[in-house]
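Summarising the annotation, Swiss-Prot assigns anthranilate 1 binding site to 81, 112 and lists sequence analysis as the type of evidence. The feature 5-phospho-alpha-D-ribose 1-diphosphate binding site is assigned by Swiss-Prot to 81, 84-85, 89, 91-94, 109-117, 121, with sequence analysis given as support. The feature Mg(2+) 1 binding site is assigned by Swiss-Prot to 93, 227, with sequence analysis given as support. Marked as anthranilate 2 binding site by Swiss-Prot on the basis of sequence analysis: 167. Feature annotation from Swiss-Prot assigns Mg(2+) 2 binding site to 226, 227.
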């Protein structure tokens, strides 16, 4: 299918087949579509609503074209979300990655610089002194030896350069916001994925099932956060053993006080880094509580504990023992030596 035919199809609110979406994505990723065509297609898809088949097909193309990182073995997990929730919180999932690593997980943290927030995962890690642009072999060593490595999206998905200009010019959420957490170059089987709207909870769980994932928690909080929140109920769509179940959790279930997420907002990368460091140093705060919740979910997704509740307890334990901040220090040292 050529790009103009695809545009005519989606603007009449007809869905693309998996094969058609694959063809169109290959055209976009190879630079054969103009910025206007890319923007038009993304708007058309959003207006009609992207399907599980379309998203999975697009993700497969990006995975196939990505510069891959090869890691194997148990307890592999990623904590990448879609972003776009507008809350401007500090980097919760990034802080969580170090807690999960300290708990025995192996985290392939996929991320990028900020698109819609004050500070992306790449921004805060770079500010901490972590070198972002490593070879796939160096990243694999980080994960194997330290339990955590950062996969800087532009280094692995060079073909998305053709989409950057139209996405920035449009300034709205598109298919590519959904693709970030679906296209980890290490093909991680277990994930915690935060989404910007509850309409995507079960669909993204099924997309990840189609992509071969095994244990996934797709989360969205009632206060709008694309993380497990301390300010409201959080809905979770859990993929496990080929089935998806949906349920709600509250911070009180885990002995955590409910606090407005406005207390977690930041205005700069440095402010986000300061909070991340305080959390990893186990300073009591709402920030530490929300990291414990989200790290606990990833510990559970990585199959290190049999329940989410035990995952949160394990997260709090490694924080109290100072092991999470040791992982941050180790990653800084390792990457600076590369």
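Note: Cβ is positioned from N, Cα and C throughout, glycine not excepted.
Where Swiss-Prot records a feature, it is marked here on the structure.
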residue	record	Cβ contacts under 8 Å, 6 or more apart
81	anthranilate 1 binding site	93, 180, 181, 193, 194, 195, 226, 227
110	5-phospho-alpha-D-ribose 1-diphosphate binding site	78, 80, 151, 153, 180, 181, 183, 184, 185, 186, 188
112	anthranilate 1 binding site	120, 121, 122, 152, 153, 154, 180
113	5-phospho-alpha-D-ribose 1-diphosphate binding site	120, 122, 123
### Summary
Around the Cβ of residue 89 (5-phospho-alpha-D-ribose 1-diphosphate binding site), other Cβ atoms within 10 Å, all chains included, total 25
### Query
What is the number of other Cβ atoms found within 10 Å of the Cβ of residue 167 (anthranilate 2 binding site)?
20
